Amino acid sequence: MAWMAWTWPTAAFFAVIAALLVIFTVLAVKFPETPRRGVLGIETTRGDRLFITLLASAFLNLAWLGFGIAPQPYALIACLVLAAGIFRFV
Amino acid sequence: MNKTVNQKAWFLVLPVLVLVAFSAVIPLMTVVNYSVQDTFGQNVFFWNGIMWFEEMLNSERMWNALGRQVVFSAIILAIEVPLGVFVALNMPKKGFWASFCLVVMSLPLLIPWNVVGTIWQIFGRVDIGLLGYTLDAIGIDYNYTQGFFAAWTTVIVMDVWHWTSLVALLAYAGLQSIPDAYYQAAKIDQASRWAVFRYIELPKMMGVLMIAILLRFMDSFMIYTEPFVVTGGGPGNATTFLSIDLVKMALGQFDLGPAAAFSLMYFLVILAISWVFYTVMVNLDKREGR
């Protein structure tokens, strides 16, 4: 594993994503759902909304950094707000 | 009848999962690890946080490469998709000539990228290349190693030559799947050629066309070999597309960190656009299924 040049932050990052995937898989099995249509006009399940959230969060973080809006950790708060919005309305 | 629930079939996906893990997921994780560190080789790394991302987001060089890349992809899509559809519409529907056309069309697709590059590199040379020599002889100043316009034209024409067939073949497959009854109904209604195309052929081709556009977009957005062989990214930086610049940075200068940071952004852009295409395709299928 040394060749992969691991660091604690990146390991934690991947651990969180892996945990999210596991949680959402378990949720999908335990509590099956029917896809619903949101503001984007497409049918989404919880998993789709998670994917959209993660992708949007990545872009939000980059925009946050690129435009120098505020110190980077605050972007995470914005991401949580974004996630809540996506899970509620998409 | 009640179906028994059996999820064991998921295990059949396991080999693909392992393969993708080794060929894509693990390397991608390594790139993520590189993007937050600096190295001088020997596999020794120093923590650098998000500095590389900051540097890359403010790097004019990378934005320019991205700009060239977007322009390139836009131009080849704007040429290849209509041209491919046009070719498909004019191909014979059956018989010997249909097979003949299919074989001829698929020839460029079989040629490896670097060979395509070499073919056009020689084809365009002013001293020995047929194209370059002819253009020079009729008085057109064409030199892809020096002229910005000539270099771009060469790279674009090369890509069109290489990949229009793919769009044409996919569109042709879409056209072949339209039952004759549609055309007969159109004839009874005295529909014009344009109306037949607009309301029968185009909607029926939409699914495969989306796949064609997605494939061509991704391939052109990641293009490396052909322009590298033909122009080497020149003249100057005129045809230095994203992947060429990234390789220069990662391997030429051994700046693994910045290159990793930028390739992650590159990856995110491709992921986002592919997701949009995928969603549109799936929704098209659903609408057709109704």
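Each Cβ is built from the backbone N, Cα and C atoms, and glycine gets one as well.
Copied over from TrEMBL, here are the features:
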TRANSMEM  B:12-36  transmembrane segment
DOMAIN    B:66-277  domain 'ABC transmembrane type-1'
TRANSMEM  B:70-89  transmembrane segment
TRANSMEM  B:96-123  transmembrane segment
TRANSMEM  B:149-175  transmembrane segment
TRANSMEM  B:196-218  transmembrane segment
TRANSMEM  B:264-284  transmembrane segment
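Sequence-distant contacts of the transmembrane segment (B:70-89), counting only residues of its own chain at least 6 positions beyond either end whose CB sits under 8 Å from a CB of the stretch, comprise 105, 155-156, 159-160, 163-172, 174-175, 197, 201, 205, 209, 212-213, 216-217, 220-221, 223, 241.
Scored on C-beta pairs under 8 angstroms, the neighbour of the transmembrane segment (B:12-36) with the top count among B:149-175, B:196-218, B:264-284 is B:264-284.
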